[in-house]
Amino acid sequence: MAEKSKVLIIGGTGYIGKFVVEASAKSGHPTFALVRESTLSDPVKSKIVENFKNLGVTILHGDLYDHESLVKAIKQVDVVISTMGMMQLGDQVKLIAAIKEAGNIKRFFPSEFGMDVDKTNAVEPAKSAFAVKVQIRRAIEAEGIPYTYVSCNCFAGYFLPTMVQPGATVPPRDKVIIPGDGNVKAVFNEEHDIGTYTIKAVDDPRTLNKTLYIKPPKNTLSFNELVAMWEKMIGKTLEKIYIPEEQILKDIETSPMPLPVILAINHATFVKGDQTNFKIEPSFGVEASELYPDVKYTTVEDYLGHFV
């Protein structure tokens, strides 16, 4: 069997980064995490770094804004995965420049991990946030860097514990607010599974210069189907309040930041159906649960079961 690629994760202590680092280490890839000195003095982040070390991850000290440290780190690996947060997405141009200079990278995964930004019709302010990811994609392609874009749609941990109810901390028990008509399908993926599928793609020629869509059939549900599943689990019918699209668009315009970004993403997801309103063509994409049927993914039903 071919040797597994050495993987460097940048942004590994962030929300989705932790799961990608863990999946990489557990699957036997020599795994490296680029960590800033300041991260080590953060009590929460330093615990995450300790956990990485226990998994056998090599911690490299460096910074996105220090070109030399970046090139030095990149030269030690074969694959770079960026899991940076929204505020740093545009700065991935620095990463692209370092990858180009290092000249040894077999694959780059930019920070995506949401809906396919080339296929969305999101309104502002989500439109501008997605546009940054689009710019990064075009820059990667222009430089001829081999890539995989991971489109995992909704993080289960963001959406399912509250079922997208404003201000809630638990799933609804009495009434539920449903955006649009509730018939549009969205996709919900558990974060460990996102990490697992991402790492499976690292050495897979089928995912080279393609978008890897994580769209397992059991996790592709409309809002109405989600509510019906939850009602069955708790043995109770909820009062349903449907919010028309006009009202959502008005709320996006009048709410204080950062709410409009969240509302605009939810509008694209649950009203426009931007995660499921196109067919995956072999020319641009592949679907993870089809490529890797051996992965026992967490279904939405399994996930919601913890909250009954």
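Including glycine, each Cβ sits where the backbone N, Cα and C put it.
Record features, source Swiss-Prot:
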type: BINDING; residues: GLY11, GLY12, THR13, GLY14, TYR15, ILE16, GLY17, ARG36, LYS45, ARG137; note: NADP(+) binding site
type: ACT_SITE; residues: LYS133; note: active site, proton acceptor
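Residues GLY11, GLY12, THR13, GLY14, TYR15, ILE16, GLY17, ARG36, LYS45, ARG137 are the ones the record ties to NADP(+), and the longest Cα gap between any two of them is 29 Å. The Cβ of TYR15 (NADP(+) binding site) lies under 8 Å from the Cβ of GLY85, PHE155, GLU191, each of which sits 6+ residues away along the same chain. For the recorded positions LYS45, LYS133, the ranking by surrounding Cβ atoms (within 10 Å, all protein chains) places LYS133 first. Calculated from their C-alpha atoms, the gap between GLY17 (NADP(+) binding site) and the residue listed as 'active site, proton acceptor' amounts to 17 Å.
GLY11 (NADP(+) binding site) sits 16 Å from LYS133 (active site, proton acceptor), taking the C-alpha atoms as the reference points. Just so you know, the Cβ of THR13 (NADP(+) binding site) picks up 23 other Cβ atoms within 10 Å once every protein chain is counted. Annotation note: THR13 (NADP(+) binding site) sits in a coil segment as assigned by DSSP.
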